[in-house]
Structure formats: structure tokens, C-alpha cells
Amino acid sequence: GAAAFVCATQPVHCRSEEMDTRPKVSSLLNRLANYTNLMQGAKEHEEAESIGEKRKSSKSPQMGTFMGVYLPCLQNIFGVILFLRLTWVVGTAGVLQALCIVFICCCCTLLTAISMSAIATNGVVPAGGSYFMISRSLGPEFGGAVGSCFYLGTTFAGSMYILGAIEILLMYIAPSAAIFVSDNPDGEAGAMLNNMRVYGSIFLVLMSLLVFVGVKYVNKLASVFLACVIVSILSIYTGALVSAFSPPSFPVCMLGNRSLSFNGTDAPPVTAAAAQERTTDLWRHFCNSSELSAVCDEYFLHNNVTQIQGIPGLASGVIADNIWSSYSAKGDVLERGSHHSPHRDAVSNHFPYVFADITTSFTLLIGIFFPSVTGIMAGSNRSGDLKDAQRSIPIGTILAILTTSLVYLSCVLLFGSCVEGVVLRDKFGDSVKGNLVVGTLSWPSPWVIVIGSFFSTCGAGLQSLTGAPRLLQAIAKDNIIPFLRVFGHGKANGEPTWALLLTAVLAELGILIASLDLVAPILSMFFLMCYLFVNLACALQTLLRTPNWRPRFSYYHWTLSFLGMTICLALMFISSWYYAIVAMVIAGMIYKYIEYNGAEKEWGDGIRGLSLSAARFALLRLEEGPPHTKNWRPQLLVLLKLDEDAHVKSPRLLTFASQLKAGKGLTIVGTVIPGNFLQTYGEALAAEQVFITRLHLMEKERVKGFVQCIVTQKPREGISHMIQSSGLGGMRHNTVVMGWPDAWRQSEDPQSWKTFINTVRVTTTAHLALLVPKNISLFPSNTEPCTDGFIDVWWIVHDGGMLMLLPFLLRQHKVWRKCSMRIFTVAQMEDNSIQMKKDLATFLYHLRIDAYVEVVEMHDSDISAYTYERTLMMEQRSQMLRQMRLSKSDREKEVSVQRESAAAPHTHTHTHSLHALTPPFISVSSECAGDEDTDGAGDRSAEYRRVHMTWTRDKALQLRSNTQTHTASVCSTPEGFRDMLNIHQSNVRRMHTAVKLNEVIVNKSHDARLVLLNMPGPPKNPEGDENYMEFLEVLTEGLERVLLVRGGGSEVITIYS
């Protein structure tokens, strides 16, 4: 009470010990308040570059939602596809399907943004954005896989933007700049691709140099590029509205309902009749000569040439024609409306028609359009610069997605209701004098959009080339993918030089593909993979209710994340299933690589929570009952001993365990450390580490399992506790493996073999099976397989079929695979050994076990002098030891006990050492099994275990009378008369059986690789413990490798399927 009072008056002193290890609350709060979410050492690159200028005082980042998240997201989402391909998508898919495509893609990104907001607001997000969010919430494996996907996506986005910029440059700004020009129409496409490759590579080099020289220039230009995008989009809206009352003049020439391609030729006459007076360019094209008499193309003769307005305007009702889809195959002629011409034969591409350059379908268009909605991560990627990232990221990103979705949906409607369908489907604007199709709609001039889109694409390309290397650097610095380590280094100011180099190389691969329509689906895949994982992360964390999952952003739900995940997966396979499989294989390989090879990171990820939930679910399912005989497999508890230096005494026990398991089932490695737990807790931890890390022992021996160390005062009790309490629920051991106490005769301390026998007793009581490998050091290691030889089973007592199952399990392992199995069983004089052999063979046949069967006959021969000698030696030795240990009073007590037991002869009726010398055809309870030395009948385990054998009560009595008469005849001789009086008859009988059996076993199995034997039970009376050890020694004498097996009492093998 006094101490408590002192503590109450002076609380600080009482806590001083804890103060050393735990910080004061005030200092902790102070530290948290000063925390900025700038990563340590990651100074702003602009500051780092201005080393020459005087250092700015480091202010905390001050960007708001609008500047820091909304605008960057807008800029990244609006991209090249809007200007170059959206009109074509609307024309090909029709307004309805185009709306559908845009809506699906926007839903996908919106749902992802909701999941991303939840993750971003759950704790402080360091700079590094999406990669950090995923790796910290899903673990390093997923983080690495997704980070790599996101990196590859961003890199290919860079090459897509560059290709878009080149397309604008060569098609619409300066067509004369083309290096490769083809005279033949067939070669035009190839020549164009080569131009793209050359110019694309030049652009890529220039942009990479710009990024290398300094990010600050890229950041300064960003606002200019953004202005270009916004101006371009506004000009489209203005143009559409203006077209309602004064549509711009873009005449399109039609032959029948096929559009003609005119790049600057004169406007042709309106009717074919007028063409009779003088032949025109068209006549030359379609009739192969300028003569009036030339043979002309049939379609040319049957149809008139007309001229229609390319842009009828908003009020014209042209949307009715554009509402349905008109997909075409490669090389088809573009035709007006849904009324196709009657003869759609293959048309020569020498005629001046507009041809479709690729085969289109709904799925292909999704793949091409999807990149125009990516870019939603832009805000979270610069989370380091935001004043309040947790508030800005969700609001900014979701607003940006809603804005862009509205723009896309309204553009689809405007294009469909203002522009003629033929013009929409004309990808490169050949029918409108080579103008950009969006440009024809814009106001005041097509050049606004051409120039604006060129700059915005260049800007987006630069953004990708700055973003991707930083992402790669973040992954490399985390050190989870070892071969990427080199990309973590950079210039002195932290610029990722090597990462930029790799990015440029990968972007060059994209540029060599050279076609925007082929690059777009590739990058869709990688982004979709990334979004899929973001949704997965959010759904998992919500469903598992991880304690740390408490996002500020509360408008999320796991069903939304799940829906987003499903849409991502569906889009991947819809847009191109082969790319989807490739992307998944890449992500899967990275995942596996990190799992096997990566650094051990513990980020408290959600997948660990998933494993825990799954394990708990499985354990609860297992709990439902004991396993069926068919499912029985040894779940091992391996008892190992450590020496003074905490080294394992017999590591071969682990080898043996791994051979028995062949990697399946449960293995618990247990060890008992003597001592007081309060003092030796550290040693216990060290012992666990010995198994797990220092020797990598369990891994070396390929044992998959758990380690358990118990610290107790008495090792014997420790082992007993371990056998009782190891395992959890249905994952409990049913078999104990322990080593034989080797030099037990020589050891001064009887504790080792006493512990051994005690363990045998404990396992018997717990109804567990017991395996004792003798001469364990001679057992083969995992690296030395047996090339031939036998595994011999000596089946003396049937205890659940363990003896049959073990060799079968061992032979599943490569070490024992080449060994054959032999089964020996022992017949008495009066057994029909031929019938026994047949029965046994049938039994094995039904068990589906391949083995050679032999029945060995044991004759009731005379008990030899050798047996007596062994018994006598054993008794004298134990007598001597006992004398040394027992005080006089104890000795007297012992004598009285012996008298009592002699006075009760009926207790000996059923005993006979290993007497169950034959296999399973008569069933009696285990009183007769020779399990106990005395009064076996009343044992609790007798009801539990049903042991099968051919030993009957009559035989026991008969043998007993035989032995007694025989012993009397021996004892009547004067020699050794006095000694014989001291020998216990049961000991002689046991020794006799052991010696005889040992002779038979050595005779048959001296060359076997492994001998499996029934292990007789220990005596009920602890006095006979030493004799029991001696019997086991005699039984196994002269055998190299022995496995003593004791069944757990339940059947472990069945003939039924």
C-alpha cells in the first residue's frame, strides 16, 4: 500500500522507466503538427536547380484545389483523341453507340476516382501519387505490379501524344514536309508510317532533351498548353452554334453516294451529261484515258456526280442520318447514309474515292477512345504540392472527370448533329480538301484547332515524359524490384536521369509502331490494369474492415469499387483480349518476381488482412470434426533439442519430416528451453530465430511449417504442454516425431531416457501417433536419393494402418521413390501361414499399395541361455542403479510392493511382450496387446483403442504354463540357481520375444534401406522403464535405420474410395 501511495504522490518518478522507451505525449503531438507531406530529401526540383540563385526560404506547398488538381487533371484528360479521332468514332459508331462508348469509359474513370479519393484521404499521401497509394494499401507485390503497369501506360501515352502531334504536323500543317512520298496509291500508307517513325523519333529526342535540361521549363509551358486546349474546345462549341444559322462552306463531291477524295483539284461539273462535251479529271480517273470513247467504270456510268455541304449545320436535322452505326472493313469505300450502293464489289484504290484505312468494330473503337479519359491520377501524383491534399484530391479529380465527361458527351451530340456522316467517317479529311475534320466545324478558322491541338499534344507528351521517369524512380527507390535499382539514381538535384533514358527507349518502341490506332489500345490496357487495382484496393480494405481504414472522403462504397473493377476488366477484354492477356501476364510476372526476389517490406497492406480472413475462414471450416480416414495425413509435431549454443542437435529429424510430408500438411517444430520464462524470454526468441533465419534450417530442409518454443523449469512438463497445446482448431498435430535418446546407457543422468518414456506415455494418453527414428544420423539427406533397395515393414500389431501408410508417403519423395516395399508379418505355430499370406496380399491389393508380402513363422523354441543372460544383465544393472538412488526406507517400500504384486497372480494372465505377433483378422481390445505391464484391463484407453491381432486368451494361458514348466526345469540346475530366483518371469518372456524377433528381423531385413517396426507400449509401472528401453535396444539391434511406429488408435488407411 505504501508503494502505491508513493506512486500516487510522485507519478512521474514511477513512470520514469517507461518514459525512456515511450515518448511524452506533448512531444509526439508537436512532431505531428510540424509534419509536412513532402518526402524527406525530395526538394522541389525548381528550387534545387536554382542553386546559383539565392535559396528561397522553403515555404510549405500552397496549391489549392483548382490550380493543383482540377486544371492538371483537365489538361491530362483532354488529349489528342478528342481532336484527331472523336469525329471518326462518332461517324463510324453512330451517335447512340458513340454516346455509349463515352459513357462506359467515363463511368470507369469516375468509379476509379471515387475509390482513389477514399485511398488518398486515408492517411497522408507522400509525393508519388497512385503508386504510393496502391503499394501502401495492397502491399509491395501489387504495388510493384501496378506501379509498373502505370509506368508503362504513361510511357506509351507519351509516344501516343508524339504520334498525334506528328500526324497533325504532316497531314494538316505542313504536308510538304514528308520525307517518304509514294507515287503508287498502294504504298501511301506505308510511306506515311515511315514519315511518322522518322519525325516521331526526332520529336522524342528533342522532348527528352528538354525534360533532361529542366523540369521547370516544362512546368512553365504547362499553362500555355492548357490555354491551347481550352481555346480549341471553346472554338468547337462556338463553331457548332454559329453553324446553326450560317454553316461554313465545305463542299463535298459525291459520285452516287460514294464520296470522292479531292485534294485541291478543280470543282468538277455537276452532272455526267455535262461531262460529255469535254473530258474531265474524273473521266481520266475512271476511264483510264481522256478519250470520249474509252471504256469507263460501270458505277461511274450509272451514277451522277453531285456536290453536298460537308457541314449542314446544327439546324439541318442531319443527326437522323448519323444516329446509327456504319462499320466498314479495310479498303471499303465510304458511302453516304445507310443506303449503300447495290454493287459493293472490291473497288480498285486507283479511283479517287475515300477508303476506310482499318476494319472497325465497336470493341476496337472503345480501345482507341479510352486513352482520352485517362489522366485522372494527375492530381494525386502531385499530392506533395497541395495545401490540403485530403480535401483537394477528391473534389478536384471528380469535378475534372465530370467536366470532361460533359464535354465529350456534348461533342458527340454536336458532331452528330452538325456534320455530314461521310465527312465524319473520313478520318483524315480527304473529302474536305485535307482539312482536319474537327477544324471544319471550328470558328473562326480551322487553323485555331490545328495549331491549338498541335501544341496541346506536344504539351501532353512532355508531361508524360516528365511523369513516367519520376514514377519509375519512386518504384526503384522502394527497392522492391531489385533489377530496377539503378534507375533510382539521378542527378545531384534528384532528377531521374537513368529513368528518363529507359522511358525514352520504351517510348521509341511505341513510336516505331507508328500508328495512333495501334498504340492507343496498348496504353488502354496498362491504364485499365492500374485502375482495376485501385478499385480492388478500395473494395478489399472496405470489406475487410481493416482497423486503419478510415478515409476522410466518405462517399465511397465497396459496391462502387467492385463495379468499377468489373468495368475495367470488361473493357480490357472487350477492347482487345490478346493485349489484355499480355498486360495481365506482365503484371503477374512482376508480382511473382517481387514475391520471390523482392526485398521484405512490411507496409501493413490490405492483402495481409485478406490472408488473415481467409485463414480464419478455413480454420473455422476445418473445425467441424475429426478428418475422415481418407483424408488422414500425418500432421507432425517434431520435437527437437537445442544444445548450449542454440544449435539443433539432430537436424536430420527435419529432413525426415520434410521427406514424409513432401511439402503437404502441417509441420510444427517444437523445442523446450529449460529455465524461467521471465528471465529467458530472449533465449526463446533466439531459438525461434535459429530455425527461421540464422541457419535457414527449415528452409534448407524444405520444411514448410511453424516454430514453437516453450520455456519451462522442467523439460518433461514442457514437452507435455507442447503436445497438449500446439496447433489451432482443426490445424492440430496428430503425430509426434522425436529422436531416440542415443547414448542412454552411458549417460549418468537418467533424465534423457526418462523424458523419452514420459513422452511416449503422453502421446499414448493423447491418442496421438508416435514416430521414433533410431540412428537418425544415418538417414539419407534430401540431396542423396536411394537408387534402389527396400523399405521393410514388420507388421506385428495392427494399430490403425500407420505402418502401411508411412512407406507409401515416404515413397512420394524423390529420396525414397526408387525403393520397393516389403511387408513381413509373423505367424505362430498354429496359424495357417499360407492363408495368412493370401489374405494379406488381398488386403494390400484393396489398399492399392504395391508391396511384396512374406509371412515369417516363429517357432516357440526354448528360451535360450543368451536370453537369460541379457535379462540378468539388465536386471542387475537396474538393481545397482536403483540401489544407488534409493534410500533404505524406499527399498523396504519397494519390497512390499513386489510382494503384493506377486500375491495377485491374475493380473499377469494377459501379458506377453510383443505378443500380438500377427495381423488384423481377429479383433480384441488392447488389454491383450501387451501394451501394459500389469492391470491393462482397467485402462481408459482400452475402450478407445481397438487393436487387431490374433492373440487369444487360451494361447496366453497355454504359453504361460509352457514357460513356467520350462523355467522350473532350468532353475533346478545348481548353476545360476540363486540368480534365477531374482529374475521376473515377465521380463524373461519379454526378452525372449525381443531376442527371437530381432533374430528374424535381422535375418530378413539386414540389407533394407529402412525398417518400420511396431513400437511396444511402455510399462504401466514406472519401475520397469529401464527394462523397457533395454527391450527396445534388443529388438532393434543390428539394424541400420529403424523407424519405430506407434499408432494413435484411429484408423488412418482405408480400402474404400
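Using the three backbone atoms N, Cα and C, a Cβ is placed for every residue, glycine included.
Annotated features in TrEMBL:
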TRANSMEM  64-88  transmembrane segment
DOMAIN    69-247  domain 'Amino acid permease/ SLC12A'
TRANSMEM  94-114  transmembrane segment
TRANSMEM  160-181  transmembrane segment
TRANSMEM  196-215  transmembrane segment
TRANSMEM  222-245  transmembrane segment
DOMAIN    349-637  domain 'Amino acid permease/ SLC12A'
TRANSMEM  353-377  transmembrane segment
TRANSMEM  398-424  transmembrane segment
TRANSMEM  444-462  transmembrane segment
TRANSMEM  498-516  transmembrane segment
TRANSMEM  522-544  transmembrane segment
TRANSMEM  556-580  transmembrane segment
DOMAIN    651-771  domain 'SLC12A transporter C-terminal'
DOMAIN    787-899  domain 'SLC12A transporter C-terminal'
COMPBIAS  887-897  compositional bias 'Basic and acidic residues'
REGION    887-913  region 'Disordered'
DOMAIN    989-1057  domain 'SLC12A transporter C-terminal'
Give the nonlocal contacts of the transmembrane segment (222-245) in its own chain as ranges (CB under 8 Å, at least six residues past its ends).
71-72, 74-75, 78, 82-83, 311, 313-315, 407, 410-411, 414, 418, 438, 441-444, 448-449, 451-453, 455-456, 458-460, 462-463
As a test: from 69-247, 349-637, 651-771, pick the stretch that has the greatest number of Cβ pairs under 8 Å with the domain 'SLC12A transporter C-terminal' (989-1057).
651-771
If you count every Cβ pair below 8 Å, which range out of 196-215, 353-377, 444-462, 522-544, 556-580 shares the most with the transmembrane segment (498-516)?
196-215
With contact taken as 3 or more Cβ pairs under 8 angstroms (pairs 6 or more apart in sequence), are the transmembrane segment (398-424) and the transmembrane segment (160-181) in contact?
no
Under 8 Å, at least three CB pairs between the transmembrane segment (64-88) and the transmembrane segment (196-215) (pairs 6 or more apart)?
no
For the domain 'SLC12A transporter C-terminal' (989-1057), jot down how many residues DSSP puts in helix, in strand and in coil.
31 helix, 10 strand, 28 coil
DSSP helix, strand and coil counts for the domain 'SLC12A transporter C-terminal' (651-771)?
58 helix, 24 strand, 39 coil
So what's the mean pLDDT when you look at the domain 'Amino acid permease/ SLC12A' (349-637)?
85
